[in-house]
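As recorded in TrEMBL:
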DISULFID  20-35  disulfide bond
DISULFID  47-65  disulfide bond
DISULFID  59-74  disulfide bond
DISULFID  79-91  disulfide bond
DISULFID  86-104  disulfide bond
DISULFID  125-137  disulfide bond
DISULFID  132-150  disulfide bond
DISULFID  144-159  disulfide bond
DISULFID  164-176  disulfide bond
DISULFID  171-189  disulfide bond
DISULFID  183-198  disulfide bond
DISULFID  212-230  disulfide bond
DOMAIN    39-75  domain 'EGF-like'
DOMAIN    163-199  domain 'EGF-like'
DOMAIN    242-281  domain 'EGF-like calcium-binding'
DOMAIN    245-281  domain 'EGF-like'
DOMAIN    282-321  domain 'EGF-like calcium-binding'
DOMAIN    285-321  domain 'EGF-like'
DOMAIN    593-638  domain 'EGF-like'
REPEAT    413-455  repeat 'LDL-receptor class B'
REPEAT    456-499  repeat 'LDL-receptor class B'
REPEAT    500-544  repeat 'LDL-receptor class B'
């Protein structure tokens, strides 16, 4: 029996695994009745509400249960012999004290009284930036713009009063918009104050209103009443009054004809729309975002919704819900990594006592998560679902400067990351033994990164000047800009592979937006200074989008199509940053073409998926480590050839002073005769000689030919092809 009956009096049935999942799926809530008491794992604490949380969260001065029960009856906090107790009673490793990195929320580990000095000032900002009092750098143009961008708000202190031009409207947040945009029916101010107290007296909408040709608006009851109510008599046309045009040939309408006091109008049956004011045609309802949760099939006069394999449609809401284990959120909380169930709200700790964890991703098939730590300048990994082994992890990639974004290729088993320090985007295999820098130019402030190994594309955000979101092949070719307008601080991006859309959050504009994978069909999902005060990262699953916010130190969720139904899933966090959904259906299965016919695609170094630009695109290409290049076979690597140096003709040695003039003359005569004979013998030799010789030009047959295909413009640029001799190929 794979279904559960919603009880007597209901004809509704739901999948059996939806019963007691913490969410009411039956209209009458029958599926959440008599579920029994929730039993937490041995290493978990049962909250008064029945929720399960990690025992590590008990008495940590944070309300993790949500009802405060984990912070009741707590003994005075005491740290271990090798730990330091912060002013708020939390404990940190003793080695973190006075290391110029603030670890306590109250900064007591780096106080001048304890360390005998002030913390080392952070690195200076660039010329286009200013430094906040809290240490970070922001764009100079964000100073005194009415929006606090520094953590401490210092960029908006001591600012002169902002004044708008006479032709501008001043929003309540201090920003200025053109005066013509006030009361235009569109929120142009971020706070919407340009549409407050608007009274558009010229609007004449509704069936009980009639608009005169001269512009006035009168009641429809005054039309054709034999009185001049419009100054131009347009309400009393002689021919149209008391005439039913629909009686003659249906008024020319293909479907419905509605007679009006003056004139008539054509209409359509449901599922159809007017094409030319008289003829009805089919409506493509599938063009309406979110009309279907996943698959929309347009029908004549209607549409049909379906779900992808692995999902089942909720008959009540129409949402395609994932089949299988409970989905959960995994997120970095700077000092640890946590997991939050999306159904039972089980809240646990995966890895603890981390230094400065910012970026996160996973490989579901290996049950493994990866994260980047700015403090240790490395990327680490651990296996999930080992409750008795919390905190065990391994370093997989070392010697990175500032890894602020990582993305796991779950099909080809590679890790991609963006490095804010070196301004690069690179890739490495899972054990870090092979790595390749894909981009080292035209990157200002690379941030979040995402991959689609099914199509071979890589995406990343850059909040430098100018800010943008870019796309390229996962092998480093076909680089192009997806988003470059109305974007300022794109902190996080994520991919919705089911709907083929890219979502991002903008911490400056306080927006959550999306585009398709070609950068078209842009939509603003949500704009809010409350819920998107300083969003950092986001992820998508089913019909929901989830994000972390650094200012409110919380995790939110909302409808990914409309931005409605905003809910808070967790709060009282400590600098939440990256976030992912962990579920088997997130990472769609695909073919690893690098191992389909021959191991590693025959590549001597790394095999990377190629972007599927069209049906002729290769499935993969080989790449080489730094200092090497591909041979002509496109598989093997060889050292990069140095550019050929110009050949230098030998300098003529100075002639010594003659000891005897007669001997010199005789020698000169003999030498001259010899040279004349040799010149005749080698008359086909082509040469150029200068008084101060620097090179000897040879014939073209003596040159090595090196033909490379490069392009500075964005396009389909593949690795350089070199024509070399046979000896080079065999070396």
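Note: Cβ is positioned from N, Cα and C throughout, glycine not excepted.
Note that TrEMBL annotation is computational and uncurated.
Here the features listed in TrEMBL are painted onto the structure.
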residue : record         : CB count, 10 Å
20      : disulfide bond : 16
47      : disulfide bond : 23
91      : disulfide bond : 17
132     : disulfide bond : 20
137     : disulfide bond : 17
144     : disulfide bond : 14
171     : disulfide bond : 19
176     : disulfide bond : 16
183     : disulfide bond : 15
189     : disulfide bond : 20
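Taking the Cα of residue 159 (disulfide bond) as the reference point, the closest of the disulfide-bonded residues 91, 132, 183 is 132. Distant neighbours of the domain 'EGF-like' (245-281): 210, 220, 223-224, 235, 237, 300-302; these residues of the same chain sit at least 6 beyond its ends, with a Cβ under 8 Å from one of its Cβ atoms. Note on the domain 'EGF-like' (39-75): DSSP counts are 6 helix, 6 strand, 25 coil.
Per DSSP, the secondary structure of the domain 'EGF-like' (285-321) breaks down as 3 helix, 15 strand, 19 coil. Among the disulfide-bonded residues listed (20, 91, 150, 183), 183 has its Cα nearest to the Cα of residue 171 (disulfide bond). The disulfide-bonded residues under consideration are 86, 125, 150, 230. Their Cβ neighbour counts within 10 Å are lowest for 125. Taking 47, 125, 150, 212 as the disulfide-bonded residues under consideration, the smallest Cα distance to residue 183 (disulfide bond) is found for 212. Outside the repeat 'LDL-receptor class B' (456-499), and at least 6 residues removed from its termini, the chain residues within Cβ reach (under 8 Å) are 128, 139, 149, 294, 308, 405, 407, 409, 412, 416, 418, 425, 427, 436, 438-439, 443-450, 505-509, 514-515, 517-519, 522, 535-540, 547, 560, 578, 588, 608-613, 617, 620-621, 623, 714-719. Model confidence over the domain 'EGF-like calcium-binding' (242-281) stands at 88, taken as the mean pLDDT rounded to a whole number.
For residue 74 (disulfide bond), applying a Cβ distance below 8 Å and a minimum sequence separation of six or more within one chain yields 58, 59. Comparing C-alpha positions, residue 198 (disulfide bond) sits nearest to 164 among the disulfide-bonded residues 65, 150, 164.
The DSSP secondary structure for residue 137 (disulfide bond) is strand. Residue 164 (disulfide bond) sits 38 Å from residue 212 (disulfide bond), taking the C-alpha atoms as the reference points.
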